[in-house]
Amino acid sequence: MAESKTVHSPLLTYFSVLSLLTLCPPFVILLWYTMVHADGSVSQTFDYLKQHGLKGLIDIWPRPTATAWKIIACYSAFEAALQLLLPGKRVEGPLTTMGNRPVYKANGMAAYVVTLVTYLGLWWFGIFNPTVVYDHLGEIFSALIFGSFVFCIFLYIKGHVAPSSTDSGSSGNVIIDFYWGMELYPRIGKHFDIKVFTNCRFGMMSWAVLAVTYCIKQYEVNGRVADSMLVNTVLMLVYVTKFFWWEAGYWSTMDIAHDRAGFYICWGCLVWVPSIYTSPGMYLVNHPVNLGTQLALYILVAGILCIYTNYDCDRQRQEFRRTNGKCLVWGKAPSKIVASYTTTSGETKSSLLLTSGWWGLSRHFHYVPEILSAFFWTVPALFNHFLPFFYVIFLTILLFDRAKRDDDRCRSKYGKYWKLYCEKVPYRIIPGIY
């Protein structure tokens, strides 16, 4: 049973699972509709729904068109081909509780560069206009909602019939299995890792592709790109570039190493990331804000500093693990706790817990610059409407929940050593506050 299933009480789990399964799809469509057709005004959309009810929602829900399916199919095939064909260094993931060690090919950065160069090249040479993607966005999201749902059913069946490794299994409950997933590392054949595809090559890649799309759309409509849109696009691209630069490190995080491939992760990366994560840019297309050079630069620099800090936190811990604690952290030897734990097969192993540097400030300090980065690429939209800030609020809730789940998992894994660690690093996320 995946650790993540045991964190919340069964009743709360049921409630949250069923509400997410039913509420997320319409929310994606309503967000798109509000940003693109209702001037970004939540109250305008709310009044419309109050007046027309469920029929109103059905009326504004775009039907997936052939164009939308074609765009998704070409993009997916292109990314899958890059994932399989581009050369990359062999990287081993962390050892699983069942004693398996997944092997990856680290070619994310190459795939990222090829994707953006190809996309911009197609636009530059007049072969494909990215504005087509924006103009069919509603249909694309609609197609992704249904297509990804079918894909999650496929993952559920595969988990029962043909799991890729022993890191799989059922909780005995269909809904929980569908939501949290059956397999930790589902693969098609030996080399095509499904989670790397959904999380990195489809989800994160689409974030960069759509950020560029929104920028081009604004340029084609207005003949220029507002400084607010430039700051938003540059910061998002810097963030996604950082992600692909560090992609091998991401394979050791909770998303890949602990959360199984189900609706929660896969539908989230296939639908929620392209729609919600890119939403500040989607809003700015029709709401160009002129910040002025000085303010634009301040926001840009603040955003880049936050993204760098987020990267440096992850790099620091990765370096600490790689050298087995024999490295310098902020110029001096790191302070650490050696924590031993027992695997499911009964073996005793030990891990090093870093308690200095960024990781001495709080147990999940890296979430602070991550939330601030999101704030800085949203703030160019200014405060006329609440909706562009939905992503920042969502991210804050997501990361606070993730920190809690991670802490609970570590508490059960390390026992007294975790208690010792928490005494040394008392704050969970925000130093001195929480």
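Glycine is no exception: its Cβ is also placed from the backbone N, Cα and C atoms.
In TrEMBL, annotation is done automatically, which means it is predicted and not curated.
Annotated features in TrEMBL:
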- 12-33: transmembrane segment (TRANSMEM)
- 109-128: transmembrane segment (TRANSMEM)
- 140-157: transmembrane segment (TRANSMEM)
- 196-216: transmembrane segment (TRANSMEM)
- 228-246: transmembrane segment (TRANSMEM)
- 261-283: transmembrane segment (TRANSMEM)
- 295-311: transmembrane segment (TRANSMEM)
- 374-400: transmembrane segment (TRANSMEM)
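Between the transmembrane segment (196-216) and the stretches 12-33, 109-128, 140-157, the greatest number of Cβ pairs separated by less than 8 Å involves 109-128.
If you look at the transmembrane segment (109-128) against the transmembrane segment (295-311), you find fewer than three C-beta pairs under 8 angstroms, all six or more positions apart, and that falls short of contact.
Taking Cβ pairs closer than 8 Å, the transmembrane segment (228-246) reaches residues 108-109, 111-112, 200, 204-205, 207-208, 211-212, 214-215, 218, 278, 280-281, 284-285, 288-291, 296, 299-300, 303-304, 307, 310-311, 314-315, 373, 376-378, 380-382 in its own chain, all 6 or more past its ends.
Long-range Cβ contacts of the transmembrane segment (12-33) within its own chain (Cβ-Cβ under 8 Å, at least 6 residues beyond either end) map to 5, 45, 49, 57, 60-62, 137-138, 141-142, 145, 149, 175-176, 179, 263-264, 267, 271-272, 275-276, 279, 282, 387, 390.
A Cβ distance under 8 Å defines the sequence-distant neighbours of the transmembrane segment (140-157), meaning residues of its chain 6+ beyond its ends; these are 25, 28-29, 32, 61-65, 68-69, 71-72, 133, 177-178, 181-183, 186, 194, 261-263, 266-267, 270-271, 274-275.
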